[in-house]
């Protein structure tokens, strides 16, 4: 009987509140999120089309940029349409399975993006520190394999977490004080001990992000050392400008992610709506900025987009 009751309870939908405490301002709050989503769709789609239609961009570095654009599109589409539905139509209900599918996509592609950023740092390391072997070490097919491996890694580590979370009984309130199915906000609704899932998620996040960030730091440390050995100041500046866009995207991803995670774990005396807004902007603003950063920093991408237009 208890198993049947748990199954019936878990099949009930959740209710998303949007921005707690700012429900009266939802229509106004929706304007920047709608703008960022439109810009995300346009910017990343143009990058993808520019790479696809220009054979001169069929190189490992631009394939990695294309992977990042696809991830950004998936990120935004997994979160923003439902968020705008809450703000505009008060469509707060989300099905039990749909909630965890949304959570799976968010966390999986966070891990995938971390893997792609690691591959991009490796690409720059080979191009600058070992340029004569670049074409033999990092081929187009090998780049695609790296992308698929990052996807498999992300899905592989997140599937057990989703199994652990969906097996918990959710017999407390069904109201999630958030704009999307944020992991910690959903776990707090469980009426069983979630220590196993919490330990697993913390271990996975630490290992994935920690390992990737260490290797990225090592790659750019070696790059910086090689750049400083160049005899010409003009050559040093040109090389550093080439890496500037990559470093900007990496800092935006990791610093924003750490800030969002720590604000969800520790309130620091901030109002709930501030914590939710920070988490929302972390999932919506970087996907909009990434194509703008590449468009401003990389002349090849600029030329490809101008040709496309």
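Note that Cβ sites are derived from N, Cα and C of the backbone, with glycine treated the same way.
These numbers come from a predicted model, not from an experiment.
Note on TrEMBL: of 100-122, 169-191, the range annotated with the feature transmembrane segment is 100-122. Here the domain 'G-protein coupled receptors family 1 profile' (43-294) returns a mean pLDDT of 86 for the predicted model. Through the fold, the transmembrane segment (243-262) approaches residues 68, 110, 113-114, 117, 120-121, 124, 128, 205, 209, 213, 216, 220, 223, 278-279, 282, 285-286, 289-290, 293-294, 296-298 of its own chain, all at least 6 residues removed from its boundaries and within a Cβ separation under 8 Å. Same-chain residues lying 6 or more positions outside the transmembrane segment (61-80) and placing a CB less than 8 Å from one of its CB atoms are 33-34, 36-37, 40-41, 44-45, 47-48, 51-52, 102, 105-106, 109, 112-113, 116-117, 119-120, 123-124, 127, 140, 143-144, 147, 150, 179-180, 249, 280, 283-284, 286-288, 290-291, 294, 300-301. Within its own chain, the transmembrane segment (25-49) has Cβ neighbours under 8 Å at 18-19, 65-66, 69-70, 72-73, 76, 80-81, 83-84, 86-88, 280, 284-285, 287-288, 290-292, 294-295, 301, 305, 308, counting only residues six or more beyond its boundaries.
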